[in-house]
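A.B. asks: The structure follows.
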Amino acid sequence: MIVTDKISDVRNIIKEQKLSGKKIGLVPTMGYLHEGHLSLVRIAKKHSDFVAVSIFVNPIQFGPNEDFDRYPRDLERDLKLLEKEGCDLVFAPSVEEMYPSELLTTVNVDKITEKLCGAFRPGHFKGVTTVVAKLFNIFTPDIAVFGQKDAQQVAVIKKMVEDLNFPVEIIKAPIVRESDGLAMSSRNVYLNPEERKAALILSKSLKEAEKLLLNGERNANTIIKKVNEVLNSEPLCKVQYVSCVHPDTLEDLTYIKDKALIAIACFIGTTRLIDNLLWGENI
């Protein structure tokens, strides 16, 4: 496994691999890897011949009062995990390497970034699309794998790729959960034992939504109401939003015809957690 913090190294390595006919797979991460991230690496391995992982806590996607400084980091541990998975290349740049001078060019996807998480984290998705566009230009991957837990991020990146003709296929990977149902997240480390228990309310509320859907309920408001009810039954849970949208366009749904995404964001104590249920689409 090659590890580098230099863009020029990545370019040379990828060029070599492409010349020998290899298909390049990219898994962009912010590090502090968990089983969810590792599942993305496994999916990338299935769809490509050379798997690259980027580890970069991207400052421009954090708001002024968000957790950039305390976001968990452990590169040594991450590298051990990736080595075990048979990853080929790890790119772990410094902020200076990625943003050597004042950043005057950004990539912004309109409209679908203004709802769900975007409504509460202004500028967040602009930071995401800008860094992902940079990574796509650095790696020129054939495929890139993103987790369904960040459902809005996947939709936004897919739109950017479509609109700007990036020659990369975006593969969506299913949410990986702890044995008790909590969606895996690097931010789960912030939860104390009491909050960790309370956080199960997110997946419980989505289970209730799924039950309604399986029983034939198609009215989005009925489902949203039920999810809110379950979430509000947990005193430590402060709901930020519950939405029922189309998974590709993120348009609000009133009636569920085929595909739907039930997306939620809550604070458990001071930790913001997101989760979702994808209905009518197999990934």
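From the backbone N, Cα and C atoms, a Cβ is placed for every residue, glycine too.
Annotations for this protein, taken from Swiss-Prot, read as follows:
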- 30-37, 147-150, VAL176, 184-187: ATP binding site (BINDING)
- HIS37: active site, proton donor (ACT_SITE)
- GLN61, GLN153: (R)-pantoate binding site (BINDING)
- GLN61: beta-alanine binding site (BINDING)
A.B. asks: Which one is it, among the recorded positions HIS37, GLN61, GLN153, that lies nearest to SER186 (ATP binding site) by Cα separation?
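C.D. replies: Sorting the recorded positions by distance from SER186 (ATP binding site), the top entry is HIS37.
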A.B. asks: May I ask which residues of the same chain, at least 6 positions away in sequence, place their Cβ under 8 angstroms from the Cβ of VAL176 (ATP binding site)?
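C.D. replies: Non-local contacts for VAL176 (ATP binding site): HIS34, GLU35, GLY36, SER39, GLY147, LYS149, ALA183, MET184.
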A.B. asks: C-alpha of LEU33 (ATP binding site) to C-alpha of GLN61 ((R)-pantoate binding site): distance in Å?
C.D. replies: 18
A.B. asks: Roughly how many angstrom lie between the C-alpha atoms of MET30 (ATP binding site) and the residue listed as 'active site, proton donor'?
C.D. replies: 10
A.B. asks: How many whole Å apart are the CA atoms of GLN153 ((R)-pantoate binding site) and HIS37 (active site, proton donor)?
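C.D. replies: Given the Cα positions, GLN153 ((R)-pantoate binding site) is 15 Å from HIS37 (active site, proton donor).
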A.B. asks: Do me a favour and check the Cα-Cα span between GLN61 ((R)-pantoate binding site) and the residue listed as 'active site, proton donor'; whole Å is fine.
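C.D. replies: Pair distance, Cα basis, whole Å: 19 Å.
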A.B. asks: Counting only residues 6+ away in sequence within the same chain, which have a CB under 8 Å from the CB of GLN148 (ATP binding site)?
C.D. replies: VAL154, LYS172, ALA173, PRO174, ILE175, ASN276, LEU278, ILE283
A.B. asks: Going by a 10 angstroms cut-off between Cβ atoms, which of the binding-site residues MET30, LEU33 has the sparsest surroundings?
C.D. replies: MET30
